[in-house]
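Copied over from Swiss-Prot:
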ACT_SITE  GLU127  active site, proton donor/acceptor
BINDING   ARG100, SER101, SER102, LEU103, GLY104, ARG105, ASP117, THR125, LEU126, GLU127, GLN146, TYR160, GLN167  dCTP binding site
SITE      GLY114, TRP115  site 'Important for bifunctional activity'
Amino acid sequence: MILNDRKIRELIESKELLIDPLDAVQIQPSSVDLRLGNDFLIYPEDIEILDVRNPDLHNQLKKVVADDEGFIIQPKQFILATTREYIKLPDYLTAFVEGRSSLGRLGLFIENAGWVDAGFEGNITLEFYNANSRPLKIYPGMRICQLVFAKMEEPAENPYRGKYQGQRGTTASRIFLDKD
């Protein structure tokens, strides 16, 4: 069941669902608008191969902190970004992230794993790709995506406690921690 605005507000007021910071205008009829944080990770062009088994790969990324002047994503550039909001989902609630159509119409693809598991806690790292042939300027604090919540029939037996639990800010891939 997708949660409506009334139920989202109830869960926030009861502190079962945490979204911080949150302004009441971010709550939409069936979602919550999330805003862009101000730190970005960029893959330098001198990295020849992104080796998923390289535990040092994340240290090779360039961190950029944007101010009110904004951040420019070059054509065909891939970067990592984050939401300003820190979220904490209860064990019976899952969510998925949807990019804003208005940004998609400018060529900005906003991706992530798409699904936020029950029990997750942290900022949400977003993957951006500028598919346009022109640079695109974005600004910290702007609405960047929507979080849609779904209540599960029962709480998760094993809620999320994975490698991204508690992440703060833009977080690089931790695939090297996978056991398979």
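Cβ coordinates come from backbone N, Cα and C, glycine included.
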If you count Cβ atoms within 10 Å of the Cβ of ASP117 (dCTP binding site), leaving out that atom itself, what do you get? 19
CB contacts under 8 angstroms to ARG100 (dCTP binding site), restricted to the same chain and 6+ apart in sequence, sorted by sequence, are ILE110, ARG143, ILE144, CYS145, GLN146
What is the nearest of the binding-site residues GLY104, ASP117, GLN167 to the residue listed as 'active site, proton donor/acceptor', using the Cα of each? GLY104
Nearest of the binding-site residues (SER102, GLY104, LEU126, GLN167) to GLY114 (site 'Important for bifunctional activity') - Cα to Cα: LEU126
Is it possible to get the count of other C-beta atoms within 10 angstroms of the C-beta of TRP115 (site 'Important for bifunctional activity')? 11
Other CB atoms, at most 10 A from the CB of GLN146 (dCTP binding site): 19
What is the Cβ neighbour count of GLY104 (dCTP binding site) at a 10 Å cut-off, with all protein chains included? 13
Between the binding-site residues SER102, GLN167, the one whose Cβ has the fewest other Cβ atoms within 10 Å is SER102
In three-state DSSP terms, the structure that GLY104 (dCTP binding site) belongs to: helix
